[in-house]
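The following feature annotations were taken from TrEMBL:
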type	residues	note
REGION	1-348	region 'A'
DOMAIN	30-187	domain 'Histidine kinase/HSP90-like ATPase'
BINDING	Glu37, Asn41, Asp83, Met88, 102-104, 125-130, Thr177, Arg348	ATP binding site
REGION	566-639	region 'C'
Amino acid sequence: MSETAQRETHGFQTEVGKLLHLVTHSLYSNKEIFLRELVSNAADAADKLRFKALSDNDLYENDGELRVRISADKDAGTLTISDNGIGMTRDQVIEHLGTIAKSGTSEFFNQLSGDESKDSQLIGQFGVGFYSAFIVADRVTVRSRAAGFGADAGVQWESAGEGDFTVEDINKTDRGTDIILHLRDEEKEFLDDWRLRQIVNKYSDHISIAVEMWKEEVPEQDGPDGEKIAAVPASWDKVNTAKALWTREKSDISDDEYGEFYRHISHDFEAPMTWSHNRVEGTHDYTSLLFIPKRAPFDMWNRESKHGLKLYVQRVFIMDDAEQFMPTYLRFVKGVLDSNDLPLNVSRELLQDSKVTDAMRKACTKRVLQMLEKLAKKDADKYQEFWKEFGNVLKEGPAEDAANKEKIAGLLRFASTENDTAEQTVALADYIERMKEGQDKIYYVVADSFNSAKSSPHLEVFRKKGVEVLLMSERVDEWLISHLNEFDGKQLVSVTRGALDLGDLEDDADKEAQKALEESSEGLVERIKTSLGEAVKEVRVTHRLTNSPACIVVDEHDMSSQMVKLMKAAGQPVPEQKFILEVNPEHDLVKQMDALQAEDTFAEWSQLLLDQATLAEQGTLDDPASFVARVNKLLLNQG
Ligand SMILES: Nc1ncnc2c1ncn2[C@@H]1O[C@H](COP(=O)(O)OP(=O)(O)OP(=O)(O)O)[C@@H](O)[C@H]1O
């Protein structure tokens, strides 16, 4: 086949075009990372070949020493990163170097603001990979030949990073991929041997294959005592440690090395928040290295997004995103698992029902929870940063992982009436420590927004007595709380549900007064009940209000109004909801109402009371126009 057969020009996918624009305009402050990204890809290509060769050893073509080589040509102004990994076919080149395969990519690009410094942060979370070549190059040539194909199956890809690229068939005898960067004039520093070695040491030391650079011959020399020191011939020289990082002793690995390794496996630009590295021997034999990122990935809430650990068996890479080892509520965890128990030919299906998988999943889950506990204990500020990014994911935990419910509950943070701010900083343990004498329950309210939780009339009696209430207003909170009934032996109780039981928080005098009020208000309650009829489940004298005239309460076993809203939003059928109306006979408005003679006016007032209470609780009414009309009518009557 001729050298330039089948030359075609293709346009980049729109998102690639946007990414390239950002890469060349925003990533200037840290140009050298392009080498890390390309070496990282080369190492991945070696991993993939090793995995495929497990079932087809011929793929090695008698060249099983996998490595990446970096060479600079000062005359041509080019830097070449060359690997003997899996390589790419023509179709793969077009697909992998012309499109972005990640789910949620177009949503991600829609989020970008146009502010280059902000966007460069986001782009770091997204990962630029191969396209980072264009930070320093104004033209990139890729020559590749996939393992298992003949030399004539080579392909050359070329682009100036502006809108399109060309592909053509070439002859390439050696397997793998060469990335040739035609450096911009101002980036010629990346041709310097010392500079390149420094970058490899900084970013790629942990890469498990050898990263080699050409070392010129060292001529024969005279030693200090006149003896001859033999010449060292020119050769490829290994510049990194080339040992899988997780197989090394913890004490020999620096934080920077862990950080770089994390960047390699996660494609994150930032350092991790914390990590845990463990070798386990005994019934099961494996090593895990688990990282908590600093920032949530752009696609954390995308259902199809990939997550999970990188799985190795006896140091051989098996698969990315092995989600079997992490529960969904810990989907933000990145890391590596290297098992000595699983067979090398393990597949996703085999992992699904394997006892070894189960045991490792349990242990890894525990490790992550311990790591978070430790972080919370040692560095509360850092834990708070973690909570801001991942708290809402962790809140899925109690529903998903009953076995670790208590541990997860200990890691949760809430807003509360203690400081009345929306910041979620209160741990259940803090709450318990502050509990009043005689208090044996943890009280909470769930509402649509922080403000409506904070101003809920149901809190009045708690505020009066100085009893703390947790304020919940995230979408996931109702789901969380329906799976979390107690913590540390203390029941979690909604302040908007059922009869209020303050237990020993009330003294005998309180109880007597309440009873007396209930008795003296029997007539009033009966009258309201009659006028509201079927609109309510029950009417009773409140226990919880001090400043408001009335509130609505959900019956003990009925669905909460938040849950009803969630289910309605999800298109699920929900039963008609009726509330209990609690009235405060000591409120002036209710007193005034009690004194009304005309039954029809009294009925209007009762309806108004119910509407008000519903509005305060739910933020909406079924028939707001009638409510407004009723208010106006009653206001005019007052006049
Ligand atoms: N040296 C290489 N050898 C073989 N395939 C490669 C090589 N470099 C890139 N690829 C292919 O191109 C794809 C895209 O690479 P790119 O670096 O853009 O993304 P990535 O590595 O998948 O993820 P990220 O963008 O997060 O770094 C890779 O997934 C891989 O299939």
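Backbone N, Cα and C define each Cβ position, glycine as well.
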Go through Glu37, Asp83, the listed binding-site residues, and name the one with the sparsest Cβ surroundings, counting other Cβ atoms within 10 Å.
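If we count Cβ atoms within 10 Å for the binding-site residues Glu37, Asp83, the smallest count is at Glu37.
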Are any of the binding-site residues Asp83, Lys102, Gly104, Phe126, Arg348 near ligand 1, with a Cβ under 6 Å from it, and if so which?
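From Asp83, Lys102, Gly104, Phe126, Arg348, counting a Cβ under 6 Å from ligand 1 as near, the near ones are Asp83.
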Counting by DSSP, what is the helix, strand and coil composition of the region 'C' (566-639)?
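Helix/strand/coil tally for the region 'C' (566-639): 46 helix, 4 strand, 24 coil.
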With Cβ-Cβ distance below 8 Å and at least 6 positions apart along the chain, what are the contacts of Lys102 (ATP binding site)? List them in sequence order.
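In sequence order, Phe108, Phe126, Asp299, Ser305, Lys306 meet the Cβ cut-off.
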Return the residues near Gly104 (ATP binding site), defined as same-chain residues 6+ apart in sequence whose C-beta is under 8 angstroms from its C-beta, sorted by sequence, else 'none'.
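Listed in sequence order: Phe298, Asp299, Asn302, Glu304, Ser305.
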Non-local Cβ contacts of Val128 (ATP binding site) (under 8 Å, 6 or more apart, same chain)?
Leu19, Val23, Leu27, Glu37
In the three-state scheme derived from DSSP, which category covers Asp83 (ATP binding site)?
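Going by the DSSP assignment, Asp83 (ATP binding site) falls within a strand, counted as strand.
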For Lys102 (ATP binding site), name the DSSP secondary structure in the helix/strand/coil scheme.
coil
Check the binding-site residues Phe126, Phe130 for other C-beta atoms within 10 angstroms of each C-beta and report the one with the most.
Phe126
